[in-house]
Amino acid sequence: MENTTWVANHTGRSDFDLVGLFSQFKYPALLCVVIFVVFLMALSGNTILILLIHCDVHLHKPMYFFITQLSLMDVMYISVTVPKMLMDQVMGVKHISAPECGMQMFLYLMLGGSEVFLLAAMAYDRYVAICHPLHYPVLMNHRVCLLLASSSWFLGSMDGFVLTPVTMTFPFCRSREIQHFFCEVPAVMKLSCSDTSLYETLMYLCCVLMLLIPVTIISSSYSFILFTIHRMNSAEARKKAFATCSSHMMVVILFYGASIYTYMLPTSYHTPEKDMIVSVFYTILTPVLNPLIYSLRNKDVTRALKKIEGR
């Protein structure tokens, strides 16, 4: 079998060993319980938020439509890595087959890329709502919302379809140990025995482009938003607009910060320990924080939640 196929390599093995997050800690059992609790919180929080927005007619607005898409991505995102990581720790196994590794890589790239573009769409939605409130129903109608959401999913899928096959076709003739708790592209690339410098440069440019476009949209949107908020006469209107936008900015900073570190900083800044800690932020912590940020800081969501509790 040729070494260009992604299920074989020079060693004759077709699987990898995930070093995992637990090997870095003194009390792995305690960490396992903590991550399991966080996983349940992320699943329940995002699911409740999706159902709440679906059931309450007052939340059938573009902003909440995008929040349901974000919650759906977060549920899928945390489910790609955490269940296997926990099961491996409980069962005492570390290996992952090449097809499983490729599938995991594709899914996290697709979901991560989709979330990058969705956050930009959410920033544009806030820009239209605050800066052009009279035209908001026309500029952000249901068709436009569906187009922005589906475009985010499509562009994220393209990221997965481009990077996954190329990464997995490199020959792996070094150690089969991936210094990570899931099949992240930079960690897998370190196992290749061929020259990957050109691919790493192209991947870097691709990631810069993927992040630069949404960051430009987000920064431009919030520049106009801040200018508009400053000109508002009503203190209550300023407070409401700022609260809505600050929630979104918290999510953007968390997710984009981790992504920029992973894919844009030079390799000299990276160590396996740092990479795993940063990955925890956008694969485990962000999915559990998003529903808390958008529910606790949003009066419409808390009002709808209290109404459901009252029933």
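Heads up, the Cβ atoms here are built off N, Cα and C, so glycines get one too.
According to TrEMBL, the features are:
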- 27-52: transmembrane segment (TRANSMEM)
- 45-294: domain 'G-protein coupled receptors family 1 profile' (DOMAIN)
- 64-86: transmembrane segment (TRANSMEM)
- 106-124: transmembrane segment (TRANSMEM)
- 144-163: transmembrane segment (TRANSMEM)
- 202-229: transmembrane segment (TRANSMEM)
- 241-264: transmembrane segment (TRANSMEM)
- 276-296: transmembrane segment (TRANSMEM)
Chain residues outside the transmembrane segment (144-163) and at least six past its termini with a C-beta under 8 angstroms from it: 62, 65-66, 69, 105-107, 109-118, 121, 124-125, 185, 203, 206, 210
Stretch contact, the transmembrane segment (241-264) with the transmembrane segment (106-124), Cβ-Cβ under 8 Å, 3+ pairs: yes
Same-chain residues near the transmembrane segment (202-229), Cβ under 8 Å, at least 6 residues beyond its ends: 113, 116-117, 119-120, 123-124, 126-127, 130-131, 155, 159, 162-163, 185, 238, 241-242, 245, 249, 252, 256, 259-260, 263-264
